[in-house]
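First comes the structure, then the notes that go with it.
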Amino acid sequence: GCEKEAGSSMWIYVLLGNLLRGIGETPIQPLGITYIDDYAIEENAALYIGCVQTVAIIGPIFGFLLGSLCAKLYVDIGFVDLESVTITHKDVQWVGAWWLGYLIAGVISVLAGIPFWFLPKHLPKPQTRKDSSTSSEQSKFITEDEKDQHKSYQQKVKIAELAKDFLPSLKNLFGNPVYSLYLCASIIQFNSLIGMVTYKPKYIEQQYGQTSAKTNFVIGLINIPAVAFGIFSGGLIMKKFRISVLGAAKLSLGSSFFGYLLLLSLFAMGCENSDVAGLTVSYYGTKQMTDYEQALFSECNSGCACSKNDWDPICGENGVTYISACLAGCQASNGSGKNTVFFNCSCVGTLESPSRSSSAVVGPCQKGNDCPKMFLYFLVISVITSYTLSVGGTPGYILLLRCIKPHLKSFALGIYTLAIRVLAGIPAPVYFGVAIDTTCLKWGSKRCGGRGACRLYDSSALRHVYLGLTLVLGTVSIFFGVAVLWVLRKRSSPQDETLSANGERGACGTKSRKDNFVNSDHLIQTTYWPEKETRL
């Protein structure tokens, strides 16, 4: 009966809402970027794509700031008397108005979708590309005869024929070693980045003792702008220096390498565990507890009949946090709600003078004196790392677009987006969460019994698991990036490396290899015309 009363099926609505949101936002990447690449001047494509990616990052800045505001509002605001709430937003048990952000963002998303109806189906092509449906670097893949043959089928194609071409197109796509290796590198790197970003708020809260509202504010105001600036910088560098495909691969690999190298320094920027009686310190001040559950009880609280499942932390005047006023041995209190002060706490006095009883206030104690300084260092390195890793984003997209046949562009980006979301977006938060949970020192309990959320983590173990898993995945992705670079170098002649992205030849192949690519075109559909997929 308790389980049935406590359970709720409302999560289904959140699931369906996220499903619809995903369906709506997914086409923007593969089709939108292809739309830009089809109609933009070739040397400007990288800058435009960088701008689109940057604008997509600016949204979460406002999202995190909105989240920070909502996190300070109580979850049942408007339905309960806020004066009766005995905790503040700084308490770990506080639940903010998470639902409010969905309503506001949902209305804005609907309004933002309206202008898409007014975009033209086709734009006038730049003069330099009017006579070619492909970029100069891609032109090696299709001969002139085939282009004419493709155009003759423009009016005859049917959806059934497109469906029949799916498997040959897929086979041809994964037969491209550059695409396959870059896809593997991206999947592993996004596993690293998605896991890191998902648990970054929890890491900041637990490692540095910050509130969820402040954490959201910091991430939104500092970290995400660094990512946006990094993506824009990558596109600007590509345009300014007219970087070739081989150069784009080097830039993407270099940004990953130096980004993860900077991440190493975060191992030294952690805080010690908070002093929590019975968990990280004993009631008599000695460190390193062994049996956590049994250590919660001591002589000073033996006559209080306390529950070990409660989590209502109080801060003793000795600077030690106690799991509850009962376990602190407190026998009297004054005030109410957030202003409650406990007196005659027998356990608070045992650390300094066993014969002296002391007082305590509601809420956990603050972290050590060095923690705010470490948090500042963490923010600085985190911002630099975010910028460095993001610089390689746009060059990576250009590498992807230039090393596939032009009529597979939308298809390739669609498969890429699908693979990232399914193989990185879904599993990464799961196994990161499982790994992080192994560092828990104190579990909460559900209303009807059973294990609830973690209340306290081992700071040192959390730091090593969180950063270690991120770095291991990042290192593996770098090896795949090196493999991509090796394949590109193998396909390019020395003089190709100096040519820009709008040159007559690129690093994805040479004229000596042109026939090999063309001969494999029997795997591709013959019913092709320029912008086939985006028109469909």
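Note: Cβ is positioned from N, Cα and C throughout, glycine not excepted.
Some features that TrEMBL has for this protein:
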- 45-75: transmembrane segment (TRANSMEM)
- 95-119: transmembrane segment (TRANSMEM)
- 125-149: region 'Disordered' (REGION)
- 179-197: transmembrane segment (TRANSMEM)
- 217-237: transmembrane segment (TRANSMEM)
- 249-269: transmembrane segment (TRANSMEM)
- 294-349: domain 'Kazal-like' (DOMAIN)
- 374-401: transmembrane segment (TRANSMEM)
- 413-436: transmembrane segment (TRANSMEM)
- 465-488: transmembrane segment (TRANSMEM)
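Beyond the transmembrane segment (413-436), the same-chain residues lying 6 or more positions past its ends with a Cβ under 8 Å from any Cβ of the stretch are 22, 26, 29-30, 33-34, 170, 173, 183, 186-188, 190-192, 194-196, 198-199, 202, 400-401, 457, 462, 465-466, 469. The stretches the transmembrane segment (217-237) and the transmembrane segment (95-119) are not in mutual contact, being linked by fewer than three Cβ pairs under 8 Å (pairs 6 or more apart in sequence). Within its own chain, the transmembrane segment (95-119) has Cβ neighbours under 8 Å at 17, 21, 24, 63, 66-67, 70-75, 77, 89, 212-213, counting only residues six or more beyond its boundaries.
Here the listed stretches are 179-197, 249-269, 374-401, 465-488, and the one with the most C-beta pairs under 8 angstroms to the transmembrane segment (45-75) is 374-401.
Tertiary proximity for the transmembrane segment (179-197) is limited to same-chain residues at least six positions away from its ends with a CB under 8 Å from its CB atoms, namely 173, 256, 389, 396, 399-400, 403-404, 412, 415-416, 419-420, 423-425, 427-429, 431-432, 466, 469-471, 473-474, 476-478, 480-481, 483-484, 487. Along the domain 'Kazal-like' (294-349), the predicted structure has mean pLDDT 86. The helix, strand and coil residue counts that DSSP assigns across the domain 'Kazal-like' (294-349) are 10 helix, 13 strand, 33 coil.
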